[in-house]
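Peer 1: Sharing a structure, written as structure tokens. Questions coming.
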Amino acid sequence: MGWAIALHGGAGDIPLSLPAEGRAPREAALRHCLELGVAALKANRPPLDVVELVVRELENSPCFNAGKGSVLTTNGTVEMEACIMDGNTKKCGAVSGLSTVVNAISLARLVMERTPHIYLAFDGAEAFAREQGVETAHSSHFITPENVERLKNAKEAKRVQIDYTEPIKGAIPSSIGDSQIGTVGCVAVDGHGILASATSTGGLVNKMAGRIGDTPIIGAGTYANSYCAVSATGKGESIIQATVARDVAALMEYKGLSLKEAAAYVIERTPKGNVGLVAVSANGEVTMPFNTTGMFRACATEDGYSEIGIWPSGINGDLEYPNK
Ligand code: ASP
């Protein structure tokens with residue numbers, strides 16, 4: 001038993017040739033967010049607070065596809081979504097279709113704590129945000145020049161793009177490194193085995209207006225119970241079909257698999273190139289498998305293990321080091 005934390009900044013076809021200017025700021029953001037989460041766990045903050053805190057920070061970074069930095073719909077707008085779940089109580093909250101809320105994850109938590117419901121979307125979610133007085137910004141605040149470019153490229157190629165998977169051929173010639181962005185998520189467990197999960201995203205580049213992905217769907221992109229907490233990333237439609245997050249928990253609960261076994265089983269059975277996840281168990285195990293080329297990820301455990309990586313361990317200078 002001991003605390004553990006893992007976070008991700010999206011999975012996909014991240015080329016090994018990712019230039020330093022695309023890699024360094026994202027690694028720095030992962031390191032910063034990991035340190036923030038570890039400090040909060042060491043200060044005995046509840047895991048639910050820890051995952052919200054870390055995901056807010058990831059949302060505020062333009063390096064990732066959530067909050068500021070969200071990818072654009074086919075109409076050139078942002079439609080952000082997020083989900084949070086407390087493993088202890090199985091209480092959860094989710095939001096979709098946000099265009100002005102600075103931290104979607106905090107609104108998801110308010111849905112969980114201050115409404116009789118689990119999931120609010122579009123106008124109703126925006127109205128709830130106003131009522132709760134959460135920080136909002138003009139929708140243009142979330143739109144980065146990189147995402148305007150990404151949408152243009154996706155439209156030219158007539159594709160809905162899972163943000164970075166299979167970069168559109170010939171379409172992102174000079175800025176391939178800048179196209180490596182992704183959904184964000186964090187899972188945490190404290191020394192008492194209390195678990196929590198949070199995920200936030202802008203979805204897919206050139207998605208239809210109104211499209212909802214796996215992130216806010218309990219059991220697909222996000223899940224936590226008394227066994228584990230899971231946050232997934234990748235192609236939302238595949239993750240929903242595979243009920244990725246809940247399947248990891250179900251394999252532990254019904255089949256007695258360890259966290260690593262359960263997560264590996266689910267990843268192996270989801271179409272290749274489509275999914276990655278981060279997960280922690282009640283006894284402080286951590287796992288971060290993916291079947292894509294890479295996944296921006298970081299983790300730490302109370303016994304001193306820490307990892308920050310993009311590609312499979314040991315490839316291209318990924319860091320894996322003891323953090324004594
Ligand atoms: N899973 C997200 C979605 O489909 C995208 C991602 O993970 O990058 O909306």
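All positions are counted from 1 along the displayed chain.
Here the Cβ of each residue, glycine as well, is placed from N, Cα and C on the backbone.
These came from TrEMBL, pasted as-is:
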ACT_SITE  T183  active site, nucleophile
BINDING   R211, I212, G213, D214, T233, G234, K235, G236  substrate binding site
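Can you walk me through where each of these features ends up in the structure?
Peer 2: T183 (active site, nucleophile) falls within neither a helix nor a strand when secondary structure is assigned with DSSP, and so counts as coil.
Counting Cβ atoms from all protein chains shown, G234 (substrate binding site) has 32 others lying within 10 Å of its own Cβ.
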Peer 1: If I restrict to non-local contacts, at least six residues apart, and a C-beta distance under 8 angstroms, what lies near I212 (substrate binding site) in its own chain?
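Peer 2: Spatial neighbours, sequence-distant, of I212 (substrate binding site): E81, S96, G97, A121.
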Peer 1: Quick one: of the binding-site residues R211, I212, G213, flag those whose CB is under 6 Å from ligand 1, and say none if nothing qualifies.
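Peer 2: G213, in sequence order.
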Peer 1: With every protein chain in view, how many other Cβ atoms are within 10 Å of the Cβ of G213 (substrate binding site)?
Peer 2: 25
Peer 1: When you measure from the Cβ of D214 (substrate binding site), how many other Cβ atoms are you left with inside 10 Å?
Peer 2: 30
